[in-house]
């Protein structure tokens, strides 16, 4: 009998009268013993059930340890946070502050980490916890971005809701090597006569647009985007060109105007705008070009074609200088850090024409640089000129003379684009660059002497008329076949006796005439990409007939 049973029996016996005590004890012991045994069996069964339930629960738990590496803010100011404790962090890794703000680790020092803050640093204070994300800075990429305006981190800022993309690309991807590339061979038509004829651009090229403020740099870039509408409306994917416009350090009102212009022109459907305006933090202005480039690389790596415009890289360099000086990196020429060349070279080298084995896609870059008083020998302009495959140089003097686009044909050059220029344009524009160069040379001396020989006078006449012919309004890009027809009139001498003031009117009426009555010829030039002998004779005949009826 167990101790429990004995105690139960004695308890029952104590409560009975003394006379019946002995009898009761004898009767109570067996009953108490039986009750105790039943209780013991029941408790043992319940214990077994509980053990089984606990065992099932323990086995069902996934062995997951939620470890986070955190640090604390030592100091914060001017968009730079010094953080202690993140010993295993990677360079360019994204971190998250307790306020929800994001940042990027740029300086990895023995006792602290220099973090640039993507936003308003007033939301961060000393002692705040900083958490590693384990991810290098990346942005959303994909077709879902087309038609949207995003910030440097790929977040929608156009009020049209969140963007749900399937893929994300790192912003700092290494540029393609030599083997995956091929030489530039397909034309990237801007729709601007002066560019497509004299400084042609190919798909996969880097062509710099450089000039002082208010000389039409952005207008040139926007016209190029608008001109792609004629290709993007067609079904042929190989002809389509997706456009990314990166606005760095510009006014918000300017970006809003660009969005409106592209929307009104029907160009927003194949474009993405990445905006890091002057009111955004310097780290966002530094990051925006890389983010836009990653979005363009998505199309390039899918075998498609993309165009990216960086407007402008001078402001990115200024933002990078600000960050570097605040991070206590040693300054160099013009107070820029020593790696400012690498800042732009690693960005622009990502523009490439890929080989057929790599999908045959391309990413064309049009970086913009703003000069001060026409000084192209400054640090940043010379850096970017040496990285790119040519430059379009815009001059204030030409702009105020009414020559718009204000392209200085002598200083502008395309180092690889001529290989991509259509044969038809080569046929008509081949002699034009030489004639314009000779005209500029002679024009300087012509103002000193009145008695010029006939050949020199002829050169001056032709140069004045060709310069007039290359003028073009904003937001009216031209198809390549229209450009060929107009330039043909100038280089073949049909306009030599015309009053230069009437050339703009002539161009408008001539194009109207040829489109209404001779559209088949334009279609043939566009399809063949060249002017055959038959087309040449027909075009000559059309021009002669029109000239006889043109009133001016």
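Glycine residues also receive a Cβ, built from the backbone N, Cα and C atoms like all the rest.
Here Swiss-Prot flags 211, 212, 213, 214, 215, 216, 217, 218 as ATP binding site. With a 10 A radius on its CB, residue 214 (ATP binding site) counts 12 other CB atoms from all the protein chains.
Sequence-distant neighbours of residue 412 (site 'Required for activity') (same chain, 6+ apart, CB under 8 A from its CB) are 198, 199, 390, 391, 392, 393. Summarising the annotation, Swiss-Prot assigns site 'Required for activity' to 412.
Positions annotated as transit peptide by Swiss-Prot, on the basis of sequence analysis: 1-47.
When Cβ atoms from all protein chains are considered, those within 10 Å of residue 215 (ATP binding site) total 26, not counting its own. The DSSP secondary structure for residue 211 (ATP binding site) is strand.
Report note: the ATP site is defined by 211, 212, 213, 214, 215, 216, 217, 218, and the residues of the same chain whose CB lies within 8 Å of the CB centroid of those residues, excluding them, are 370, 394, 396, 399, 406. For residue 217 (ATP binding site), the number of other Cβ atoms no farther than 10 Å from its own Cβ, over all displayed protein chains, is 25. Compared over the binding-site residues 211, 216, the count of CB atoms lying within 10 A of a residue's CB peaks at 211.
In the three-state DSSP reading, residue 217 (ATP binding site) counts as helix. Counting every protein chain shown, the Cβ of residue 213 (ATP binding site) has 10 other Cβ atoms within 10 Å.
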